[in-house]
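Report on the structure given below.
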């Protein structure tokens, strides 16, 4: 389980102090700040408890966010030390900074419309660029002669303990393990294999809870719903199955779900035949034949329900609608080798729409948090779609070969939904609660129109409200410091592209760094072979890419600049996964090993041998890692 930040080693502390001293000297050096070398008086205040950190401090107006972070960490160590005590060794904490300005009357923009005041101004680059140059500051007459109150908010108040050992080897599958994924709360695990089955495991006991049978082909992918109520699996035959991860009525795990809280319209027609079946049961009982109840019981021992059919080739990826956008009945998107993406209404088992704009296999689908679907295809394009209408918004076609992998800067937040790093619902903000109430009423109104027997329009449970508000709070926090969600794509052409925020529906997210939505923010080069997998760190500050050239490369998540190359594997790297605190990366390789990487030193922290053959899949949750591969076993790794 995640813990508070522990003490660092003396060597790392000495290096950090030397770096801090160099930064302080750079700040104090005269003539180094160009035309904006004026100083400004800063008062730091904690965003957690509202208390001031030390006294006023004089800093250059062009002090960057990174330099502010160094100053705050130094002040925190200085004022956190009690008289007579030796200073404890602490690791620097990443901070986000913002300034709260008073209300400013709306002003008229260039287009004649009114520009509303942004009461919170984030410091992304420097004080002078983000705060003093803003129209709010100019309207207030804010200058370097004023005392500027800067609010700092820690971005990682917990630390994940690195795994060091294999705690258990889970057997049960009779074919290679092709996919593995932890549930949003990290309490359950799903694995899919070539034996045409998926399994749900309890992480605490490390025992199997249920075998999910019914697939007619290899189970290639699995995806949990954000609230952990349902699980979707896709197979080689092109079928998608949806399962109840936890049946609230009896606590059983693994039952197929086709709308547990509501009845589809088709089910109403079957209800009228119930009385006829009861009469038929009496007649058959008199004749000595199995009753309807007995036949149902016999059928219950085999596969139940039906699959979502429509794809003509195997399923490549699955994505659930984010919980903060639809809590009560999130939809499911599936991509396929047949070149299409289908969006399903899971509650009433209907197809919402199919996206058929690609001319080759769709390798990845991602459901963004701003109302967009992202798809990557072997036709060398990435497409962005409106998730309500299915209308194509934009085609991004800078790649020269197949696009194999795609990731969003908000992936970790969207995947875990309302759950924080402890596995509990995050504490929602008051504004998120109000927004959740409005959105839930809209969702219930739509459900009432589509599903017979659904709860009355505008009604919802306290659990629905808590989940919606918590998910919204976590999503707002993840995007506040990163200016909306970005996308990163990797290709067979050995390159990656970092894409700016896109436009979905009536939500204009704009572009950054002078890039237009159609043009990438950055082009990453350096890999010598196919880029197989890419992932943003949970805090979106870093990007990691895995390649068949046996290496992993780390890039800056905002600028796209190269950071480091992680070398240690002797064969292709298949998958990578981040720890929740963004400090550790785990990789799975064809060389039958997993490796744990320290993102401070960019070196191997722990080598994890144990598999007897290629490792196809890996996932990281809390302080646990799961891996599976060609040796047909699932391994759980712990501290």
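Numbering starts at 1 and runs along the chain as displayed.
Every residue, even glycine, has its Cβ placed from backbone N, Cα and C.
TrEMBL does not curate its annotations; it predicts them automatically.
These figures come from a predicted structure and were not determined experimentally.
What TrEMBL annotates here:
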- 269-279: compositional bias 'Low complexity' (COMPBIAS)
- 280-297: compositional bias 'Basic and acidic residues' (COMPBIAS)
- 40-100: domain 'NLE' (DOMAIN)
- 1-38: region 'Disordered' (REGION)
- 264-308: region 'Disordered' (REGION)
- 170-211: repeat 'WD' (REPEAT)
- 212-244: repeat 'WD' (REPEAT)
- 308-348: repeat 'WD' (REPEAT)
- 355-395: repeat 'WD' (REPEAT)
- 524-565: repeat 'WD' (REPEAT)
- 566-601: repeat 'WD' (REPEAT)
- 608-639: repeat 'WD' (REPEAT)
Quiz item: What parts of the chain pack near the repeat 'WD' (170-211), using Cβ distances under 8 Å and only residues at least 6 beyond its ends?
Solution: 217-224, 226-228, 231, 233, 235, 245, 252-254, 415-419, 423-424, 616-622, 624, 626-636
Quiz item: Which range out of 212-244, 355-395, 608-639 gives the repeat 'WD' (566-601) the most CB pairs under 8 Å?
Solution: 608-639
Quiz item: the repeat 'WD' (308-348): which same-chain residues, six or more beyond its ends, come within Cβ distance under 8 Å?
Solution: 217-218, 220-227, 230, 232-242, 257-259, 261-262, 264-265, 354-356, 358-369, 371, 373, 375, 377, 379, 385, 387, 390, 414, 417-418, 436, 439-440, 443-444, 447, 450-451, 454, 460, 464, 467-468, 471-472, 474-475
Self-check item: Same-chain residues at least 6 beyond the ends of the repeat 'WD' (355-395) whose Cβ lies under 8 Å from its Cβ atoms
Solution: 313, 316-322, 324-325, 333-343, 401-408, 410-411, 413-414, 475, 479, 484-485, 487, 489, 491, 497, 499, 501-505, 507, 509, 517-518
